[in-house]
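Asker: Following this message is one structure expressed as structure tokens.
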Amino acid sequence: MADPTSLEADADDFIKRAQHFENAKDFDLAVFYYAEAVQAWLNARNAGSTNPDILTLARSYTKHAEELVEKRDAAGSAVKVPQQNMEVERAKCLLNEALEADEQDNTVDALNLYSQAIEVLLKVRNETNDRAFREKVERLARQALERAEALKSAVKSPPLSKASCARTSSHRSRSGEGGNYTRNELRVLRKTSTINGREYLPFLDVVDSHERFAFAQPFMDQHGLIALSSKQRSSFVKWVRPSDFLNDPTMIITVSCFPIRQTCVTDCSFVASMAVAAQYERRFKKRLITNIIYPQKKNGEPVYNPCGKYMVKLHLNGVPRKIIIDDRLPMGYHDELLCSFSTNKNELWVSLLEKAYMKVMGGYDFPGSNSNIDLHALTGWIPERISIKSSGTNEFDADREFRRLEKRFHRGHCLVTVATGLLTPEVEQRSGLVPTHAYALLDMRQVDQTRLLLLKNPWSRTRWKGNFSDLDTEHWTPEMQRKLDYDLNSARYVDNGVFWIDYKSLLYFFDVFYINWNPELFPYTTCVHSEWSASEGPRKDVYSFANNPQYTLEVQAKSQAPVWVLLTRHITNKNDFAHNNEFIGLVVYKDIQSRKVYHPNDPVPLKDSVRINSPHCLIQLVQEPGNVTYTLVVSQYEKNVTIQYTLRAYSTAPMRFSPIIDPYTVTKTMNGEWKGETAAGCQNYANFHNNPTFELVWPNNEADNQVLVEVRGPRDFAIGFTWDVVSLTNSSPLNTARSLSTGNYRRGYTMLEMAGLSGGRYKVTVATFEPLQEGPFILSVKSTRPLTLSRLQ
């Protein structure tokens with residue numbers, strides 16, 4: 001829960017900043033900080049502050065900010081930073097990194113960086129006519145030169161080796177990536193590091209926190225400029241760096257959702273995701289969005305880099321990964337940025353975060369996404385999708401969901417966005433809502449019997465026109481305005497895309513809630529990264545899970561415990577992301593008797609998810625006290641391609657997670673056919689013995705042979721088989737059964753798994769339930785020891 005005392009202290013700090021900028025005639029920033037102070041006071045009141053003056057202060061400074069709005073035009077336009085000043089700032093960056101390398105006794109890197117800084121400073125000195133400026137530059141160069149000479153005299157500098165050259169390149173060399181990953185996991189993560197033809201390596205805190213950011217010349221991304229969308233190209237004039245159009249470029253002035261504005265890039269879900277993450281960071285004083293941008297100060301605060309290089313940490317394809325970008329941004333005919341930006345003059349974080357994500361996604365011509373995917377990439381928080389428009393068995397419980405979300409939202413357990421579906425032009429005009437559009441959820445309240453939500457349109461304009469909009473005088477009674485700290489008259493004058501909407505209207509006009517849950521709610525988490533080949537098993541798994549990846553999850557709960565499992569499919573190209581042709585799902589079984597699951601509905605699943613064409617599929621369970629073993633089965637609808645995936649489990653109770661691995665080392669396969677008299681039907685028919693029959697021989701004297709026998713046939717046929725002992729080589733087998741069968745005949749697939757068998761000869765008779773059903777079949781036998789398989793008839 002947010003601390004009201006801390007929020008009031010924030011408000012006081014914002015007022016001081018606002019007054020400072022107002023005195024300096026910087027009315028843009030003054031208005032921004034007055035608005036932030038008012039918001040902080042209102043948040044403090046909502047969090048339980050007992051200060052009786054809060055509303056008076058909020059209204060007073062709101063009025064003052066409105067008066068300043070009229071003066072903003074007098075502030076003049078931004079002036080770009082002089083080129084020589086920028087070169088000095090780059091030299092300072094080089095010096096800072098040189099000092100860091102110096103402190104770490106990295107002499108080779110330190111000397112190289114000092115030399116580059118001196119070269120830049122001498123160039124500036126020779127080009128300036130300003131005497132005072134020249135003296136300042138010479139002083140910096142002299143200090144760098146003295147330290148470099150001291151290093152040279154203290155040690156004999158070794159020649160630059162290949163390793164040291166790598167350390168001074170724009171991407172420093174990485175130490176081992178092994179960690180606790182298996183060889184197969186490393187192979188999967190390496191394969192899915194290449195996204196849209198570019199490699200994005202896993203982010204390693206120890207290594208990547210020392211990434212080099214200082215250069216003598218403005219940094220240029222080795223991958224070149226990002227592809228523009230058609231809408232951007234129609235207005236594009238040039239690429240600009242922040243120093244080309246801002247007088248004081250700053251990474252973050254104050255973390256806030258309100259200045260974030262989407263423009264011509266079709267990434268409303270990502271912009272809405274940035275907004276809710278910023279709002280969370282502001283309310284709960286926890287770095288969520290600012291801690292993924294580098295370079296940073298020692299306290300973790302990201303900073304503007306005059307050298308133009310940035311690194312962003314995004315959660316992609318199973319792990320956090322490093323995205324390197326430069327600071328070039330697209331600008332249009334009217335000196336406007338053709339990307340999302342912060343309306344706070346000089347603030348850069350919005351534009352640079354968007355650029356990093358768009359780079360990974362293949363360019364600004366973004367195919368569209370949803371906030372579950374985008375917030376997971378930004379934060380790593382667990383994605384849950386709740387459809388408002390229920391279908392089938394997934395009935396939406398409006399009362400339960402509001403109570404659950406309101407409670408969790410105010411405790412800081414989750415981030416929430418909502419999205420509209422298709423709307424007719426008439427509904428769009430009447431409601432003020434944008435079709436297939438994401439909105440950030442900033443607040444939830446219940447006032448008496450009325451449930452309300454505060455939403456933000458990423459465009460920072462175009463608001464709701466229905467109940468509780470700024471046009472609604474019926475529902476906005478004086479009492480309701482007072483309880484929600486809302487001024488209807490003021491709201492009418494400023495359309496910033498933020499509006500209240502009643503819950504009933506939201507359920508009518510919106511389609512879905514996207515919720516991302518804080519993984520820190522779960523003290524225990526474990527995961528595996530793996531691959532499922534398209535060649536393994538049939539295209540559809542309707543009748544058989546024999547070839548599906550399966551896992552065992554053992555949970556030991558002393559009290560009731562949530563158990564969540566998230567399946568994430570790795571995506572490596574833009575077309576896959578745009579078309580979403582692959583449907584994935586999870587099926588969960590509880591305390592089954594067999595080693596693994598072969599038949600999807602035998603035993604009956606505890607939970608069977610809908611197969612969805614999203615990268616993320618979440619299963620949520622609640623376990624009662626006790627020890628439970630879950631079997632998790634990865635499923636696809638019409639498997640077409642090999643997929644790589646991450647399966648991650650979360651719980652408040654200890655757990656063990658492991659893949660179910662087949663013990664078999666030998667596989668024998670034979671094709672057969674029911675035709676004519678060999679299509680004799682099941683044991684109910686006299687001619688059963690005419691069915692295709694095979695002999696299996698283990699040429700050993702062991703008593704613990706293990707075997708899996710499978711038969712696949714036409715889906716229209718119910719099939720089965722019998723297993724009979726012919727002769728044994730060991731008189732004391734662990735399994736003494738002389739004859740077994742698959743039991744109920746099943747459509748398309750049947751199996752029998754046996755252990756503790758003696759060496760010797762066995763007979764397998766394969767049948768359809770009804771006679772005269774002609775068609776092909778495949779008999780597969782897997783064993784822990786060598787065997788032979790032959791046809792008898």
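Using N, Cα and C of the backbone, Cβ positions are placed for all residues, glycine too.
Whatever TrEMBL says is automated annotation, not expert-curated.
According to TrEMBL, the record shows the following:
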| type | residues | note |
| --- | --- | --- |
| REGION | 153-183 | region 'Disordered' |
| DOMAIN | 233-519 | domain 'Calpain catalytic' |
| ACT_SITE | C268 | active site |
| ACT_SITE | H437 | active site |
| ACT_SITE | N457 | active site |
Asker: Give me the CA-CA distance between N457 (active site) and C268 (active site), in Å, as a whole number.
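Answerer: Answer for this pair: 8 Å between alpha carbons.
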Asker: Have a look at the active-site residues (C268, H437, N457) and report the one with the fewest Cβ neighbours inside 10 Å.
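Answerer: Across C268, H437, N457, these active-site residues, the one with fewest Cβ atoms within 10 Å is H437.
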Asker: Using C-alpha atoms only, work out the spacing between C268 (active site) and H437 (active site) and round it to an integer in Å.
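Answerer: Spelling it out, the Cα of C268 (active site) and the Cα of H437 (active site) are 7 Å apart.
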Asker: Where does C268 (active site) sit in the DSSP three-state scheme?
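Answerer: Its secondary structure by DSSP: helix.
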